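Step one of this worksheet: look at the structure below.
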Amino acid sequence: MAAPAGGLGDAELREAQRDYLDFLDDEEDQGVYHGKVRDMISDNQYRLLVNINDLRRRNEKRANRLLSNAFEELIAFQRALKDFVASVDATYAKQYEDFYIGLEGSFGSKHVSPRTLTACFLSCIVCVEGIVTKCSLIRPKVVRSVHYCPATKKTIERRYTDLTSLDAFPSSTVYPTKDEENNPLETEYGLSVYKDHQTISIQEMPEKAPAGQLPRSVDVILDDDLVDKVKPGDRIQVVGTYRCLPGKKGGYTSGTFRTILIACHIKQMSKDARPLYSANDVAKIKRFSKSRSKDIFNQLARSLAPSIHGHEFIKKALLCMLLGGVEKVLENGSRIRGDINILLIGDPSVAKSQLLRYVLGTAPRAVGTTGRGSSGVGLTAAVTTDQETGERRLEAGAMVLADRGVVCIDEFDKMSDIDRTAIHEVMEQGRVTIAKAGIHARLNSRCSVLAAANPVYGRYDQYKTPMENIGLQDSLLSRFDLLFIMLDQMDSEQDREISDHVLRMHRYRNPNEQDGDAMPLGSAVEILATDDPDFAQEEEQELQVYEKHDDLLHGPNRRKEKIVSMEFMRKYIHVAKMIKPVLTQESADYIAEEYSSLRSQNQMNSDIARTSPVTARTLETLIRLSTAHAKARMSKTVDLQDAEAALELVQFAYFKKVLEKEKKRKKQVEDDSETEKEEEEEETQPEKEGRKQRRKKARTEGEEESYDPYDFSDAEQEMPEVQAHTPKTPESSATGEAKKPELADPRLKAFKAALLEVFKSSHAQSVGLKNVMESINRDNPEPFSLAGVKVALAHMQDDNQIMVSDDIIFLI
């Protein structure tokens, strides 16, 4: 065969055309491509998809030549297709200038990534996998121009080819304006033929790029029906011809060439890198969900990141994030997101980054980045200038590339405020809107955000409120569904457990690891075909539900706890995400009632502060977490137990105790040191159980009426419960012993009722003490003394119901 530069001779070209025509005309055989051509005609298409494996079986020599000498062979193949279409439907063949061939199947050594695409593949058919990072605008390119000369009444036709077409030699780019006799020509635009033309850039997959090296990219030329098939962020396989373009500078061709890929077929890879599972796997998943229906959520949460000790609530939240809620697009076009965003804030060395790394390895699609290494446009999208044409083009950022996945941002507090503001729209609306340099575009970025940050002071200061420690604006915090504060606490028993756990991790060794060999980070097996040939074999492999117990890996004390294997976890999450649970009326009423309780200031104690503001987004958070919990149970409805589990997570994440600084005293009781130790242990326990019992008791006592700012009876009922669950510091208990004489409960209730009438009758927020004394003692058979009134006012001031200043009573 002649070299590619010389091209095929006419005889060889005709022979190749005959071979391809015989391959297509298989009506006497199985009739596969005869039927495909008829389907192409009925669908009004002009590109036929051919499996290279079929051609290899019928004519191996021709298949090898097609892969190694693509330009001439593809021209012969397309001519054969046009002849075959003309024999089937002559009228349809005249409608289109050309018919095109698309290839799929197994390409073997020619199945490459942008990094392994080298000069040896020039003029060959290759299959390249990558992720789309840039897309140019669609431009019309002239294929044939028709010109009319009014003087001679003649018509001139000219065809144009360049290096992006299959022809060996490009035609002249001069557009005719005069004929040979210098008569002016008029262009007949209606008779001229144009084709669509677009350039995209694909980059190698982030998970397949070698660590520490920049990802490589390659430009792809799309023509005709292939344009606008992909957008930034899509993962695709491109089959096409690899070609080099000479670079001209000042009329001279330089020695370096620019390489491009001329596409003939594009296949969208699955948006969710879905695991392969068989009917047997689905049966195991259903059996597992039914057998462990009571504690299946806790079982899965314990199996998340088993190498990390503790953090039970955070693991439950991460499981909810991986499962996700249900996204809703309303009729008016507005979208209610189903993605769950989580922020981890805490001291150094509490496994924040390790949890992020685990999610990166578990989620089907995850992109990891850091605060210092990310800019606002790098996370969302950027408008860049094409060096070749000078036109503007859109470049996708990390959040667009992670559409339908998870974005893990470490060192979130190190980002600048301007860059953090750029992700506001992404976190709530799930899209990126760009309006720059004449480009107005909207890209999907429906992803969950998992961020880890350190407090403002490096370590968490428990004597300051959470808001002072976090140092992020409320507009950003309200977009996070859950905010967890992770503390490095001084507890000898817990430290002993952690040290034992970490030492066991260092002593553990994978049984498959050989001496002196490091295990690979990713899978060493790559599929060198557009379709997975080993799909059936992988289906037959037995799916292990539980990991085999190992004393070093799981600990000798956890023999009874079964850990779900990573592969089963991936498949279970993928199946559970497909379920769309519906809220029941009971759970909806419960969520609405608990949301109003969270908003109420009466739930706040003096030493408890909120980690993030409770807004209307908190209501959506409760719904999303309830839905995720229902998905874990494989339930089609969101029941009351799901709503209660979601509320438990929210209570743990939203409330944080603030310590009071101790004042030095000259005399200290011996028991003080013991009580302080007990209080420090109590501070480590979350306050959720106390609040949950208080709300349940309050609901049974009939606190569902509308809120009255002048009514003090509710607070009085709650006060003994609040005191029962609020540990007091030694100073507060000591000062409490030296208080003024107590007022009897009936007298205190009578005073509150009288004061209520005074405020209602005066229609004011503040009343003088003198006026109060006159009003409450008027027509009162048992008048209040001034000392008794002051004791009652002190009680109410302690309950944050009023404030007394300069004998003026202010209503709070």
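Each residue, glycine too, has its Cβ placed from N, Cα and C.
In the three-state DSSP classification, ALA396 (ADP binding site) falls within a strand. Residues or ranges marked as ADP binding site by Swiss-Prot on the basis of similarity to another entry: GLN354, LEU394, GLU395, ALA396, ALA398.
The compositional bias 'Acidic residues' annotation in Swiss-Prot covers 671-684 (among others).
Feature annotation from Swiss-Prot assigns compositional bias 'Acidic residues' to 702-719 (among others).
The feature domain 'MCM' is assigned by Swiss-Prot to 296-503.
Here Swiss-Prot flags 478-481 as motif 'Arginine finger'. Distant neighbours of the motif 'Arginine finger' (478-481): 340-343, 424, 427-428, 449, 451, 612-613, 615, 617, 621, 624-625; these residues of the same chain sit at least 6 beyond its ends, with a Cβ under 8 Å from one of its Cβ atoms.
The number of other Cβ atoms within 10 Å of the Cβ belonging to GLN354 (ADP binding site), over all protein chains shown, comes to 15.
Compared over the binding-site residues LEU394, ALA396, ALA398, the count of CB atoms lying within 10 A of a residue's CB peaks at ALA396. In this entry, GLN354, LEU394, GLU395, ALA396, ALA398 make up the residues listed for ADP, with the farthest two CA atoms of the set 34 Å from each other. Sequence-distant neighbours of GLU395 (ADP binding site) (same chain, 6+ residues apart, CB-CB distance under 8 A): THR133, LYS134, PRO232, ALA381, ALA382, VAL383, THR384.
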